[in-house]
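Listed features, source TrEMBL:
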- Cys303: active site, nucleophile (ACT_SITE)
- Cys176, Ala177, Ala178, Pro179, Gly180, Gly181, Lys182, Asp199, Asp230, Asp248: S-adenosyl-L-methionine binding site (BINDING)
- 67-315: domain 'SAM-dependent MTase RsmB/NOP-type' (DOMAIN)
Amino acid sequence: AATAPRIPPTRLALHHFDTSYSLHLGALWPSVRAGLLCEQKYGALLNNFAAADLVPQELELLNATDFVSEASGKAQQWERGAAVGEAARGCQKGSGEGRTVMQAEMMMQAEMSPPLCSSISSKIKCYTFPRGDITRFRPARPDSLGLLDYYLMDAASLLPVLALNVQPGDFVLDLCAAPGGKTLALLQTGFCGHLAANDISISRTKRLYQILHNYVPKEVRDTVSVTSYDGRDWDQVKGGTFHKVLVDVPCTTDRHSAMEEDNNIFHKRRTKERQMLPMLQLQLLMAGILAAQPGGEVVYSTCSLSPLQNECVVE
């Protein structure tokens, strides 16, 4: 009997996305779909540990900008605008001198309020090219001590790190750390009292070690512990220990699934693994919560648009 033609996993992935995401995103899906199928654009995360003072100027001459500081500025503008709107509404309720005092107080509060994530944005810098600019960053270069000047990564991968808002002296857990971009970004804050970087995959953990060696001086590497535990069992290792926990879970990795045949979770032999992802993600999130101290903070993130892997897991 003739065997059925093999359908590439990328095609299976795209069919799945067309079916589910078109319902979820509606009119936005065609543009999101086009974005998934475009060549990936990277950001350049500056390495604060390298002697690379001229790199920002070099990148700015290429028309790249630090999206973190830009976002911080826009957030500040938004906060001021919201305060102005609130002041205007307050003025409508008051009268005479009372309205003027209320408006002045609210405007002063807006001016004095720190921008969102200000504690991190002053430390983390990630340069990106404008929309439509397909310029590629040059490969990273070593400084006199051999530390590379920047790390190329998807700029959106910084968002969970910014959301975690690490404070000075925080004990931080990166539960699913490999290949290491977010771990490196956490170290760029300069605030981690101790950083535990864990990943169940020993081969991926080797990649993490390599990144730490290439970008981080030994005295800082000594504040990082790298382990290969099953993240679902972390609470049995060091439960209730950390001020901040990042749970960046395995997922369908939508762009990779739509573009790459190798290691694609939509391959038919990985169907059960894919179907079990939300359960795995929930178990990892629960372990992350149990790893945090009372009053600690946990950030959950994926590289997927799937509500089943995002909202449904959290809720």
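Heads up, the Cβ atoms here are built off N, Cα and C, so glycines get one too.
Everything TrEMBL records as a feature, shown here on the structure.
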residue : record                               : contacts (Cβ under 8 Å, 6+ apart)
Cys176  : S-adenosyl-L-methionine binding site : Asn198, Asp199, Ile200, Gly231, Val247, Asp248, Val249, Pro250, Leu284
Ala178  : S-adenosyl-L-methionine binding site : Asp199, Ser201, Arg204, Thr205, Arg207, Leu208
Gly180  : S-adenosyl-L-methionine binding site : Ala197, Arg207, Leu208, Gln210, Ile211, Leu212
Lys182  : S-adenosyl-L-methionine binding site : Ser157, Leu158, Pro160, Val161, Asp174, Leu246, Asp248
Asp230  : S-adenosyl-L-methionine binding site : Ile200
Cys303  : active site, nucleophile             : Ser157, Cys251, Thr252, Thr253, Asp254, Arg255, His256
Let me make sure I understand the span of the S-adenosyl-L-methionine site: among Cys176, Ala177, Ala178, Pro179, Gly180, Gly181, Lys182, Asp199, Asp230, Asp248, what is the greatest distance between any two Cα atoms, in Å? 20
Confidence over the domain 'SAM-dependent MTase RsmB/NOP-type' (67-315), expressed as mean pLDDT on the 0 to 100 scale, is 87
